[in-house]
């Protein structure tokens with residue numbers, strides 16, 4: 001196995017020795033941005049909880065992305081992906097880095113990004129073990145791995161690592177149709193993304209640096225001799241159902257995301273808030289377009305839309321009926337309040353629309369005013385209409 005040339009003109013390199021356990025624990029003690037997870041068996045995992053350009057500029061910080069140590073002697077057992085960025089972000093390689101490759105005619109390698117849950121496989125005392133970015137015993141990723149990987153694939157993975165003396169980490173992405181992130185997959189699967197040298201930090205790509213492993217799925221890395229980041233970003237911008245692509249030289253990585261992925265990511269961060277904003281501004285058609293390919297989310301949007309339509313219809317019907325009855329306002333308000341209680345957190349929206357209809361005013365606008373409030377987002381969240389991204393943090 002041999003590595004590619006390291007990325008040029010970048011201010012930081014993932015090559016070289018990993019941060020020591022002492023340095024990792026020091027960072028965890030001095031900032032709340034890092035956490036230490038222990039498994040009770042002598043292993044410690046250090047990872048970031050959130051990050052900023054300033055934080056990731058600290059020495060060793062980009063390596064603390066789920067790195068696993070043996071606490072007794074500080075040995076690094078597993079070295080996962082370092083933190084890397086989208087093209088255009090402050091710490092990502094810029095145009096000058098790509099130009100250096102074009103000028104020297106050294107290839108870069110491009111692969112479609114697998115959109116699942118990142119996992120790492122490593123050997124400890126000859127035993128194959130798995131971890132996620134946040135846990136040595138990941139409940140979600142562990143369950144998905146057991147579901148997607150058969151014994152033959154597990155054995156092949158163990159042999160692949162053992163053949164290299166156990167000083168490599170296998171970097172994996174786990175996907176499952178029952179736990180989608182953004183891109184929907186038809187069946188469970190585990191994809192081998194790369195191997196990483198624990199001691200030296202460089203990466204080996206399947207099909208580029210070592211033969212494609214039998215019984216294992218893998219990403220396909222395609223060489224590009226004349227890679228232009230701006231042209232490439234334009235090529236993929238309008239792709240639907242694809243999160244994006246990753247470009248590497250075997251040391252540094254850069255992400256290129258599609259417009260669809262950025263829009264969907266915004267929705268997944270706050271589905272209730274984004275839905276209510278689109279509903280109140282009559283932009284549901286745009287939202288539906290942004291969710292193309294995610295039938296589960298489209299069904300959730302339809303359910304939420306039907307729920308609000310039913311709520312509004314009942315409120316206006318009640319207000320109109322009270323007006324026709326000729327009830328005084330105080331009595332009408334009392335009846336509206338009694339009925340509104342059935343709608344839980346949406347009671348204010350019901351009451352305001354009903355009273356606007358009772359008074360012959362703009363019931364729709366009154367209804368939308370309430371939907372723009374934070375309390376409406378909480379009320380919609382309580383209905384559990386929108387599926388959540390899997391129960392573990394990602395990053």
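Any Cβ shown, glycine's included, is placed from N, Cα and C.
Since we're looking at a predicted model, the values are computed, not measured.
Per Swiss-Prot, the candidate among 83, 159 that belongs to the ATP site alongside 48, 65, 173, 255, 257 is 83.
Residue 257 (ATP binding site) carries a strand DSSP state (E or B). Neighbour density for residue 173 (ATP binding site): within 10 A of its CB lie 19 other CB atoms from the protein chains shown.
For the pair residue 65 (ATP binding site) and residue 113 (active site, N6-AMP-lysine intermediate), the Cα-Cα distance reads 18 Å. Whole-number maximum of the Cα to Cα distances across the ATP-binding residues 48, 65, 83, 173, 255, 257: 22 angstrom. With a cut-off of 8 Å between CB atoms and residues at least 6 apart in sequence, the same chain places 86, 113, 243, 244 near residue 257 (ATP binding site), listed in sequence order. According to its DSSP assignment, residue 83 (ATP binding site) is coil.
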